[in-house]
Every structure is written in structure tokens, then in C-alpha cells.
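Some features that TrEMBL has for this protein:
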DOMAIN    100-281  domain 'Cation efflux protein transmembrane'
DOMAIN    305-373  domain 'Cation efflux protein cytoplasmic'
TRANSMEM  99-118  transmembrane segment
TRANSMEM  124-148  transmembrane segment
TRANSMEM  168-185  transmembrane segment
TRANSMEM  205-225  transmembrane segment
Amino acid sequence: MSHSPPDQLAAAEAGASTVLPPTAPSYGSLWPAQYHSVADLWRHAYKSKDELDAISNDAVREFYERQNYLLERFRSVSSPGIAQTDDSAHLHEDAVRRAIIVSNIANGVLLACQFYAFMSSRSLALLAVFLDAVLDTVSGLVILFTWYVKRRQDKHRYPVGRSRLEPLGVMGMACLMTAATLITLEQSISTLALGKDSAPFEGLTFTSASVLLSALCVKGTLYLYCSRVDDVSVGALAEDHFNDVLANAVSFCTVLVAQHALWWVDPIGGIFISCLIIRNWIMHTLGHVDQLLGKAADRDMLNLITFVACNHDRSILLVDTVRAYHVGNGIYVEVDIALPAQMPLREAHDVGESLQRRIETLDGVERCFVHLDFETSHSPATEHKEI
């Protein structure tokens with residue numbers, strides 16, 4: 001963070017005053033003994049840079065760095081600006097749209113350029129890169145289509161939206177293109193086994209070399225641009241761009257070596273790039289499968305949700321259960337809180353609804369369901385049917 005520790009503490013204290021209302025109803029007197037403000041947490045637990053540098057044990061230093069990171073996140077959700085304003089939401093949406101559109105236009109242009117480079121050189125390494133470019137273009141169009149339909153929802157046919165189109169579409173295309181990459185892998189192995197006479201490589205022209213270098217620069221720029229946009233879909237594009245930078249760099253080097261020295265470097269480059277593409281997309285697909293199966297959110301997200309629920313309102317006696325799990329790229333949250341038994345329904349409803357809305361402002365959270373109760377002695381497993 002850019003603030004010094006005293007500035008950070010002051011900001012935390014300012015934020016802490018917005019976590020809980022300045023006054024609390026009489027039935028909230030059960031809570032304050034258990035409450036710890038962000039300022040208190042910061043004052044006792046936060047380690048300055050000098051304190052971290054003085055720790056010689058790497059494991060202990062890493063522990064405190066993670067603790068600092070968690071406190072930073074706590075402070076960020078304790079500030080008055082936790083809920084996005086309409087202007088900031090529009091600015092974020094515009095940034096996402098620009099990143100997706102620019103990436104798709106660049107992928108389309110580079111696809112044509114890489115096809116020309118492959119056809120003029122017949123390089124197996126460039127064939128693998130070209131197939132990867134086809135997949136990038138198609139997956140980018142899938143992301144663009146998903147982004148489009150998410151903003152034109154049919155609440156009657158799809159009550160929770162169609163955001164899961166993106167992982168389904170990317171997974172389908174990954175399977176098809178992995179099969180195509182296996183063909184390139186087989187051809188590279190055959191060329192390597194049969195010898196130089198079977199190699200289709202015809203050499204790299206100046207134009208083809210310029211195309212490859214341009215693609216490398218464009219992909220690197222797109223990676224830097226997309227990595228700065230905080231969005232799941234744009235993050236997937238940034239990962240694709242980074243993989244393309246690596247694949248283009250390897251293909252350019254292997255083609256140059258094959259042209260001027262060792263012919264067998266080209267099929268080896270084709271094998272390496274094909275294996276890299278297959279490995280990346282298998283990992284990418286497995287990640288989407290986990291999310292579609294309802295994998296739990298990461299520990300930091302659970303900690304953040306628990307902190308928000310605990311510090312949302314003085315009338316909350318206990319946070320009984322917190323669940324957060326993926327439904328596609330988004331996260332669904334279930335929170336069970338205990339309120340005083342004598343609390344009026346209207347006030348209990350307002351506490352639950354405001355907590356729901358507050359949690360839904362967290363990055364990545366699509367839906368939050370808050371369950372209100374007056375005791376926590378029962379087992380959470382008895383509240384729902386087992387599935």
C-alpha cells in the first residue's frame with residue numbers, strides 16, 4: 001500500500017467507525033465484548049516493512065506478510081466506499097468491454113498474420129502457434145458473447161443469468177483444439193523420426209519474421225493491459241496472452257535455429273509448443289470443471305466474508321455458518337447469523353438484507369443468501385436436504 005503505517009491506522013480507524021453504527025439497541029449489549037474493530041486488529045497485528053525486514057525466518061516473515069494482506073483486505077471492506085457507485089461501476093464495465101474488444105480484434109488480425117507466416121515457411125512450430133491462435137480467437141469470441149448475453153438477461157427463462165456459458169464454451173473449444181494440436185504433435189514426431197528429407201520447413205522470410213516479432217510485441221502489450229483489469233473474464237484473456245508470448249518466443253527462436261543450423265530444432269519446437277498448449281488448456285479446463293462442480297471459494301474469500309458478517313451490525317450476536325462456492329466463474333455465498341430472539345421482524349429483515357447487499361459488492365460474488373436465526377445450537381446440516 002502507498003500509505004505509511006500511521007496513515008493506514010488512521011484510515012482503519014476512520015473505516016472502523018462505518019463498520020458498526022454509533023449507537024446500538026439495548027439487545028445489542030451482548031455483542032461489544034466480542035467485537036474487535038479494524039483499528040484494533042491493525043494496531044496489534046500489522047507489521048511495518050522495517051519489522052518484516054527484521055524477521056530472519058522466512059516462514060515467519062511469510063506468515064506476517066499474509067496477515068498484513070488480510071488486514072489490508074479487512075480495511076478495504078470497512079471503508080465507506082465498499083459499495084460501488086454507479087460511476088465506478090460504469091468505469092469498470094467500460095474497462096472490461098475495452099479489454100475484451102481490443103483482445104478480440106488483435107487476435108483476429110494476428111490469426112491472419114500467423115497463418116501467412118506458417119504457409120510461407122511450413123514450420124511445424126508455427127503450425128502449433130497458429131492452432132493456438134485459432135483457439136484464442138474462438139475462446140475470445142465466446143467470452144465476448146458471454147459478456148453480451150449477461151447484460152441482456154431473460155429473468156423468466158434464466159433466473160440466475162447465463163454466465164456459465166463462458167466456461168462451457170471454452171471447455172468445448174479446448175477439447176476440439178487439443179485434438180487438433182495432437183495432430184500437430186504426431187506430425188512433428190513423425191518428421192523427427194523420418195529425417196531431414198521429410199521436413200516440410202521451407203525457411204523464414206523477412207516478412208514472416210516481422211510478423212512473428214509484431215505478434216510477440218502485441219501479445220506482450222495486451223497481457224500488460226488485461227492484467228490491470230480486475231475481472232475474471234479479462235483475467236482469462238491475460239493468461240492466454242501470456243501463454244502466447246511464451247509460445248511465440250519459442251517458435252521464433254526454433255525457426256531461426258532450424259533455418260541457419262539444425263533442421264531438427266523445428267519439429268522439436270513443434271513438439272514443445274504442442275505439449276505446452278495441451279498442458280495449459282487441460283489445466284484451464286480442469287479449473288472450469290472444478291468451478292462448475294461447485295468448488296469452495298479460497299480461504300481468503302471466506303475470511304473476508306466472515307469478517308464482513310461479524311462486523312456488519314451490533315445486533316448480530318453470532319455468525320453461525322459461512323459457505324462460499326463457485327457457480328461457474330462467480331461465487332455464491334450463504335451466511336447464517338444469530339439475532340436476538342426479541343428483535344422485531346422489520347429490524348431483523350433490514351439487518352439481513354443490508355448484509356446481503358454488502359457481501360454482494362465484494363469482487364467475484366454473484367449472489368448472497370443470508371439466513372436469520374435466534375440460536376446456534378442446532379446442526380447446520382439439518383436445515384437443508386442432503387444432496
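Note that Cβ sites are derived from N, Cα and C of the backbone, with glycine treated the same way.
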Long-range Cβ contacts under 8 Å made by the transmembrane segment (168-185), restricted to residues 6 or more beyond its ends, are 124, 127-128, 131-132, 134-135, 138-139, 142-143, 145-146, 236, 270-271, 274-275, 277-278, 281-282, 284-285, 288-289, 292
Rounded mean pLDDT within the domain 'Cation efflux protein cytoplasmic' (305-373) lands at 91
